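Visitor: Can you keep this structure in mind? I'll have questions shortly.
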Amino acid sequence: MFLLEQRELPERERYLTLTDSAGVAEAIRTMAVRGAPAIGIAAAYGMALAARAARDEGASSYVAAMRAAGEHLASTRPTAVNLGWAVRRAIAAALQNAGRRGEERARELAELAREIHREDVAACHQMGRAGAARLPESGTVLTHCNAGALATGGYGTALGVIRAAIEAGKALRVLACETRPYLQGARLTAWELQRDGIPVEVISDSMAAWFMQKGEIGAVVVGADRIARNGDVANKIGTYGLACLARHHGIPFYVAAPWSTIDLATDSGASIPIEERSRDELAVVGGRRVVPPGVPVRHPAFDVTPAELVTAVFTERGKLTTREISRSVPPAAPAG
């Protein structure tokens, strides 16, 4: 498995070569790959590698190995629901093919990973079309973190909406919040959009209110790592603040995410686990410590935006209000 090392962008484009599920889990944990749909896809390929490693085991040993690999992968990033969703699909497939041996097991899991990958790309295009009509004909769209091709199987969720709008002839430019402390907006969103020829400017996270106050921003579009049944949205830390600002300034606040990001088993955002990451990711910048030794650092990686602040959610099923989410019936999930 070859994986673009996102931590080194935009300075260098380098691919990791991963040969087992443990390597994939480490790449997810350390954010060499990130973005809820992308880590779900990566986990699916990781499960295919686990199936390959256990291809000659007896049925019970094979299933045990697959469950262990799945548990390891699912534990790496607890907030993103796509990760567990992809692992459960892979374990369900492993239960079904446990009676087979050899390469057939590995081939079936590899094909499932490719299927999950294809589904995500198709979903991104569908939600892009659903959201494009809601963006203004011209002006500036604000986005946060990176919800583009790098965070998905391709095309993107929030950036997919922007791409689709521009492909439809709308004259839009993008303001990308830098997104401290990992700088996904500055490093990844700006890199993607520049490569696509889409006008983009980077601002610090604290500048968003100023540009809203000046009337420069016509819409906010972000991705999501998990959406609860009531429509609460967990996304990169700082999203909630942008939603509050958008409401104050009368700016529509949109969320774009595949249906796999909607967790109907979680009643509200209060039940979504919020990942706490290392203090050094915040306290060390460019190899230099910027926080005095001994001073505590808090580093929640995500926050929760209440449903009432979300104008609409764009999925492959079309535009949904947060109230409509709770009334939706999810596709049947594989057992396992």
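Even glycines carry a Cβ here, placed using N, Cα and C.
In case it's useful when we look at the structure, here is the feature table from Swiss-Prot:
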{"type": "BINDING", "residues": "Arg34, Gly35, Ala36, Arg77, Gln184, Asn235, Lys236", "note": "substrate binding site"}
{"type": "SITE", "residues": "Cys145", "note": "site 'Transition state stabilizer'"}
{"type": "ACT_SITE", "residues": "Asp225", "note": "active site, proton donor"}
Visitor: Calculate the distance in Å between the alpha carbons (Cα) of Cys145 (site 'Transition state stabilizer') and Asn235 (substrate binding site), and round it to a whole number.
Guide: 9
Visitor: Could you name the residues, excluding Arg34, Gly35, Ala36, Arg77, Gln184, Asn235, Lys236, of the same chain that surround the substrate site, i.e. Cβ within 8 Å of the Cβ centre of those residues, in sequence order?
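Guide: Same chain, not in Arg34, Gly35, Ala36, Arg77, Gln184, Asn235, Lys236, Cβ within 8 Å: Ile39, Ala80, Cys145, Asn146, Ala147, Ala151, Gly223, Asp225, Phe302.
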Visitor: For Gln184 (substrate binding site), list the number of other Cβ atoms lying within 10 Å of its Cβ atom.
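Guide: Other Cβ atoms found within 10 Å: 27.
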Visitor: Reduce the DSSP letter at Cys145 (site 'Transition state stabilizer') to three states and note it down.
Guide: coil
Visitor: Counting across all protein chains shown, how many other Cβ atoms sit within 10 Å of the Cβ of Gly35 (substrate binding site)?
Guide: 29
Visitor: Hey, does DSSP put Asn235 (substrate binding site) in a helix, a strand, or just coil?
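Guide: DSSP call for Asn235 (substrate binding site): strand.
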Visitor: To the nearest whole angstrom, what is the C-alpha distance linking Gln184 (substrate binding site) and Asp225 (active site, proton donor)?
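Guide: Cα to Cα, Gln184 (substrate binding site) and Asp225 (active site, proton donor) are separated by 14 Å.
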Visitor: Please give the greatest C-alpha separation between any two of the substrate-binding residues Arg34, Gly35, Ala36, Arg77, Gln184, Asn235, Lys236, in angstrom, as a whole number.
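Guide: Max span of the substrate binding residues, Cα based, is 16 Å.
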Visitor: Pop the Cα-Cα gap between Asp225 (active site, proton donor) and Ala36 (substrate binding site) into the table, whole Å please.
Guide: 5
Visitor: Round to a whole number and give the Cα-to-Cα distance in Å for the pair Asn235 (substrate binding site) and the residue listed as 'active site, proton donor'.
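Guide: If we compare the Cα positions of Asn235 (substrate binding site) and the residue listed as 'active site, proton donor', the gap is 5 Å.
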Visitor: Need the DSSP three-state call for Asp225 (active site, proton donor) to compare against my parser.
Guide: coil
Visitor: Residues with Cβ closer than 8 Å to the Cβ of Lys236 (substrate binding site), same chain and 6+ apart in sequence?
Guide: His144, Cys145, Thr179, Gln184, Val222, Asp225, Ala301, Phe302, Asp303
